[in-house]
Every structure is written in structure tokens, then in C-alpha cells.
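Per TrEMBL, domain 'tRNA(Ile)-lysidine/2-thiocytidine synthase N-terminal' is recorded for 53-270. If you look up TrEMBL, you'll see Gly57, Ala58, Ser59, Asp63, Ile89, Gly167, Asp172 marked as ATP binding site. Look at TrEMBL and you will find 302-331 tagged as domain 'Cytoplasmic tRNA 2-thiolation protein 1 C-terminal'. Taken from TrEMBL, the feature region 'Disordered' covers 335-392. Annotation source TrEMBL lists compositional bias 'Polar residues' at 349-358, 378-392.
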Amino acid sequence: MPSRLCSTCEKARAVLRRPKTGELVCRECFYYIFEEEVHQTIINSRLFKKGEKVAIGASGGKDSTVLAHVIKTLNDRYSYGLDLFLLSIDEGITGYRDDSLETVKRNKVQYSLPLKVLGYDELYGWTMDEIVKQVGTRNNCTFCGVFRRQALDRGAAALEVDHIITGHNADDMAETVLMNILRGDIARLERCTEICTQGPEQPAEEDQGCGDAQANDLGGTGIKRSKPFKYAYEKEIVMYAHYKKLDYFSTECIYHPNAYRAYAREYLRELELIRPSAVIDIIHSGEALCVGQQVKRVKQMSCKRCGYMSSNELCKACLLLEGLNRGTPSLGIHSGKSKIAREARANDSGPNDESNIGRTIPKFSRKNADVTSSTSSNPTANAQPQIAISAE
Ligand SMILES: Nc1ncnc2c1ncn2[C@@H]1O[C@H](COP(=O)(O)OP(=O)(O)OP(=O)(O)O)[C@@H](O)[C@H]1O
């Protein structure tokens, strides 16, 4: 790059071109602009309340590591008054999540934030390694995404936080808009650009894509879930992490390659080559969409089995688990109209029927969680034994 001055401070030498705007900026100005844009997103959408307890969904990857860093910085700079926690879900993917969790453990020390780790094995009685052995790599992302969403809610309940923030970025959101358009999924299209969601969102029947603890997933407890990086470009997040030398884990999930999302991502990359503003344009298009009254909206109810919010009598997590436990995992992937769903509903005795949960009835007692009886009015607490906080 020729030696040019930063277009913002007009003093320092520009060292990078912002992918989002094409501006040439110096390092310090880039950090500041990036952080300020996130701050503006937070202010404009009134994302936080003073004193709020907020869990940062921390995977150890670039997005959530930068999120933790930036939110902590802004919390100090603008006195948001947030009580921040790191919350990690261990899906049980050997050679991937175990390594990335080591990064989160270091982040815990680097950012002086308490960390809670919760595993699929203790919640569901299955690790993703075991699930993939059963279901193969074609639909495994559906299990992972649906279970992660509920696991994050349970972790949040354990930490007694009422707000989870995730590192979903502008590229993720544009991909979701595209996926919903390609599926003709108008009801989800209406909500997928919201910065903050609460309550159930019915997943599509096919693969949700990895890490899709975002707008297309199901389940919920009424816990608020937000994406402060909604307008942050993935390339700028990577630049921020790189120049700031943040400690993050950069390997792709070993089970990821077959996700439908990967095709949307590829398509988006091609669109960006022709039109660099494609990402933000797609998000704005999604935000401006007005869906007609004739489009069927997602219903809200509690899962008959676990008590989590659901758009069907049984939530997707319970259906998937039922399929796994019966040794017929593909049945759980299809909708609530399937035979397994009907049978499961018929056999159910209600939210507190523990025999329904997990292959080996998870008692929330393994690893870092202890069982205490639930007295909370929180729907999560009513659905499952309470997990005592044991921030690592
Ligand atoms: N195992 C996990 N534990 C806690 N939060 C998670 C986990 N996996 C994903 N998340 C949250 O969901 C967000 C999106 O995850 P996804 O895997 O789609 O994205 P990613 O682009 O790889 O994100 P990251 O770079 O943070 O890993 C993450 O930024 C994080 O906030």
C-alpha cells in the first residue's frame, strides 16, 4: 500500500483499507471506529440496561473473542454498568472444541471475566462425537445448533443472567437472510434481521448450519439474546483480532463441511466480488421487508416435555434427543408431524418427567454443575433441575 495518511486522523500512516467502507485508516483509528460502530449499534437499539447481567457466548473463535474484548472495553469506556460473564458450551468435539475451550480459559484470565462451561454430555447424555457416529456428517449440524441454543439458555439460567450476547456478525446475518429467501421461508425472514430476539423460533427442517444459535433456531426460555456485531463485517473482526493480537482459536469445526450455510456463504462471497456492499445491503433489505398478514407466524408455547419455549408441543431439542435415544436419529430431524413426534407426545407425562431427558438421565451433576432443587419462577428452572453456578 502506498504511504498515505489515515483518512480519519490525517496524521498517522494508513495501514489498512476497511472492507466495509474502503477507507484507508491507521491502526488506532481502525480500532476506535470499529468499537464506536458497535457502541452506536448498542445505543441505537437500546440493547442493554444498566446493571444487567450479561453472558457472552464464548466459543474461543474470532467473533466471540473480539466480542468479549470489545464489550468489556465499551462497558468500561461508557459505563454501561454490565455484569459480564463468559459462557461456553462444550459440544464434545475432540480435536476442535476441547482445543478452543483452552483458548476461552485463557480469555477468562486475560479479560478477568468469570467463565461457565456446560457440556452436551452432562445436558443430553450425548457428545457430538457420539452423535456423529450415529447420524453421520449430513445432519449433524442440526443437532449441534439446536442443542447449543438450549444449552446456552441453560447456562444462562445457571449464571442467573437474563441476556446472552453472541458473536454473530453481519456476514452471518446476510447468509441467514439468503438462506431464508432460498427456502421461501418468509416467516423466519421477517425476524432474522432482528438484533435482539426472545422466545421460540422454529428451525427449518433441513440443516441449520453450524453455530446457528441465531435467528433460525428453536427453543428459549424468554432469555434475551442479542447480536451486537450485527453490522460488523467478518473481515473487520478478523483484522481487529489480528492487529490487536487477541488470543483466539481459528480452526473450522471438523464436522462442519456439509452445512447448507456453507453454500449461502460461498454465494455471498461471489456477490461481494461484484458488489462489495452486498452484505450490508442484504441486511438492510431484510430489515425493510414487510411480511403480509397471510404469512403464518410462529406460535409460542411451552414444550410439553422440558418446559422450554417451543413452537410445537415438543421442542426440536426433545424430538432430536428422542430420535437419538431410540436409535432412529433421522426421525427427530423431521417436523413435529412425524410418527416419532406423535408417539413421543403421547407418551409424555410433562415437563418434569426426567426420564425423558438424555440417554442417561442427565442430573446436571457431572463436571462443573451441581444439582439443587428448583424453586425459581424462571421457566428454565421449572423445566430442569437448577444448576448451581460454579464459574471456573
Ligand atoms: N460452543 C459455544 N459456546 C458458547 N457460545 C458459542 C459456541 N458456539 C457458538 N457460540 C456463539 O455463537 C456465535 C456464532 O457461532 P458460529 O460458530 O456460527 O460462529 P463463528 O463465526 O465460528 O464464531 P466464533 O468465531 O465466535 O467461533 C459465536 O460467536 C458465539 O458467540
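Every residue gets a Cβ built from N, Cα and C, even glycine.
Keep in mind it's a predicted model, so treat the numbers as computed, not measured.
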Across all chains shown, how many C-beta atoms besides its own are within 10 angstroms of the C-beta of Asp172 (ATP binding site)? 25
Residue counts (helix, strand, coil, in that order) that DSSP gives for the domain 'Cytoplasmic tRNA 2-thiolation protein 1 C-terminal' (302-331): 14 helix, 3 strand, 13 coil
For the domain 'tRNA(Ile)-lysidine/2-thiocytidine synthase N-terminal' (53-270), the averaged pLDDT of the predicted model is 88
DSSP, reduced to three states, assigns Ala58 (ATP binding site) to coil
Run through the Cβ atoms and count how many others sit within 10 Å of the one on Ser59 (ATP binding site). 25
Considering each pair of residues in Gly57, Ala58, Ser59, Asp63, Ile89, Gly167, Asp172, all listed as binding ATP, report the largest CA to CA distance in Å, no decimals. 20
Counting Cβ atoms within 10 Å of each Cβ, the densest environment among the binding-site residues Ala58, Ile89 belongs to Ala58
For Asp63 (ATP binding site), what is the tally of other C-beta atoms lying within 10 angstroms of its C-beta? 25
